[in-house]
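Q: For reference, the structure I am asking about is given below.
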Amino acid sequence: MWGFAGGRLFGIFSAPVLVAVVCCAQSVNDPGNMSFVKETVDKLLKGYDIRLRPDFGGPPVCVGMNIDIASIDMVSEVNMDYTLTMYFQQYWRDKRLAYSGIPLNLTLDNRVADQLWVPDTYFLNDKKSFVHGVTVKNRMIRLHPDGTVLYGLRITTTAACMMDLRRYPLDEQNCTLEIESYGYTTDDIEFYWRGGDKAVTGVERIELPQFSIVEHRLVSRNVVFATGAYPRLSLSFRLKRNIGYFILQTYMPSILITILSWVSFWINYDASAARVALGITTVLTMTTINTHLRETLPKIPYVKAIDMYLMGCFVFVFLALLEYAFVNYIFFGRGPQRQKKLAEKTAKAKNDRSKSEINRVDAHGNILLAPMDVHNEMNEVAGSVGDTRNSAISFDNSGIQYRKQSMPKEGHGRYMGDRSIPHKKTHLRRRSSQLKIKIPDLTDVNAIDRWSRIVFPFTFSLFNLVYWLYYVN
């Protein structure tokens, strides 16, 4: 009886002790126990040699990488580069950092990264990079129970991007980000995209003012240098330039200025001030557009697509100015000179012919001009005018007589009158030639302007058709 009661009494008093012991044991292994976590971290870092890679002397460390792109801030044609902000994450396994008793991942302070081995990753085509430091340095260390380490950084990098601008601004560019190990060869480290094609995210969120991202590709390969073979990962973007900005800022103004230069074809040929001022203004405007465009592009040795177009527009504008110079030369220069030579040649021929007509004198000493002679001379004068406003010249077919003044019919006086007959007739013909020289031929001038109104627009339209078909396709 007493034995049974004593056992019950022992059980009653020993139960709280067992519960306390179990609770104490659980509290030691509780992840929320800061002292236990501290002891675990201290144990991991105690004796850890940062100078040696994981599995030193064994197989290479496999480092997986993920990139979450925050933004592409700028693509510069002048500097041949682009600026990228991203969350860069690296995964690898370090058995020295495996732990037990805590079934949770340990996210540690960013300063712990200075006490652990991390891959010597760098960006091959980097020009300038930095890790953000507001409010603290933007890097993260996370440990998994099996020893897997996550090392994350928020980085902004300006990477080189060699561009082919031959088709600018109707071009597509391919910009890459090259990731490589600086010191470890493939015997010590291997890189791979963690997650395959989904290793890079955030591309669909990117919006650029002048480009659209057509696609992105991931490449993994090894490159060989004199010091060995090194792992390399490549992220490439195919960027297609948006043409809308250039249509409004470059192409449309150039087209309108070229069309404006053709207005001179409808301005009267004798309005020299208006036509010259219009031609010079359009030429200078095209020069200004071309100069402004070149300031935004690098000094490259080859011709770009937009250079071809602006040069074509400049040629059309310059030819429109030269067209008036040619018209002006025809009207005031070559035309009178040509007609002067023609008149002198005609006058000489008629002078020779007049010598054979000295004897065409009637009984009273009058010079007889046949109606056909008068008709021919008046037609030459009227033909030289070429304008209906200046060609209203009429004549009488009944014949014209040039009567000499009454002279004494002595022998000496008659001899002097006969000798003056050819001189007076030559003077009449010379006056006709001078009239032809003073009035230039307007037919050629008007024809040049009329043809220019057709040829210039047609040729410019053909130029645009060939240009856009070639560069767009």
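Glycine too: its Cβ is placed from the backbone N, Cα and C atoms.
Copying in the features that Swiss-Prot gives for the protein in this structure:
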- Y122, S181, Y182, T227: histamine binding site (BINDING)
- E180, Y182, T227: 4-aminobutanoate binding site (BINDING)
- C161-C175: disulfide bond (DISULFID)
- N33: N-linked glycosylation site (CARBOHYD)
- N105: N-linked glycosylation site (CARBOHYD)
- N174: N-linked glycosylation site (CARBOHYD)
- 1-25: signal peptide (SIGNAL)
- 26-246: topological domain 'Extracellular' (TOPO_DOM)
- 293-304: topological domain 'Extracellular' (TOPO_DOM)
- 247-267: transmembrane segment (TRANSMEM)
- 272-292: transmembrane segment (TRANSMEM)
- 305-328: transmembrane segment (TRANSMEM)
- 448-470: transmembrane segment (TRANSMEM)
Q: Residues of the same chain, at least six outside the topological domain 'Extracellular' (293-304), with any C-beta under 8 angstroms of its C-beta?
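A: Beyond its ends, the topological domain 'Extracellular' (293-304) has Cβ neighbours at 77-80, 165-168, 250, 310.
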Q: Using the centroid of the Cβ atoms of E180, Y182, T227 as reference, list every other same-chain residue with Cβ within 8 Å of it (recorded 4-aminobutanoate site), in sequence order.
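A: These residues sit around the 4-aminobutanoate site: D120, Y122, S181, G183, Y184, T185, F225, Y230.
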Q: Can you count helix, strand and coil residues in the topological domain 'Extracellular' (293-304) using DSSP?
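A: Across the topological domain 'Extracellular' (293-304), DSSP assigns the residues as follows: 3 helix, 0 strand, 9 coil.
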Q: Using Cβ atoms and a strict cutoff of less than 8 Å, what residues sit near the transmembrane segment (448-470) while being 6 or more residues removed from its termini?
A: 255, 258-259, 262, 265-266, 269, 308-309, 312, 316, 319-320, 323, 326-327, 330
Q: Excluding Y122, S181, Y182, T227, which residues of the same chain place their Cβ within 8 Å of the centroid of the Cβ atoms of the recorded histamine site?
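A: Surrounding the site, in chain order, are D120, E180, G183, Y184, Y230.
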Q: Which whole number is the mean pLDDT over the topological domain 'Extracellular' (293-304)?
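A: Per the prediction, mean pLDDT sits at 89 for the topological domain 'Extracellular' (293-304).
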Q: What residues in the same chain, six or more past the boundaries of the transmembrane segment (305-328), come closer than 8 Å to it by Cβ-Cβ distance?
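A: That would be 166-171, 246, 250-251, 254-255, 257-258, 261-262, 264-265, 269, 272, 275-276, 279-280, 282-283, 286-287, 289-290, 293, 445, 448-449, 452, 456, 459-460, 463, 467, 471.
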Q: I'd like to know which of the recorded positions N105, C161, N174, E180 sit within 10 A of Y122 (histamine binding site) at the Cα level.
A: E180
Q: Counting across all protein chains shown, how many other Cβ atoms sit within 10 Å of the Cβ of T227 (histamine binding site)?
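A: Neighbour count, Cβ to Cβ under the 10 Å cut-off: 8.
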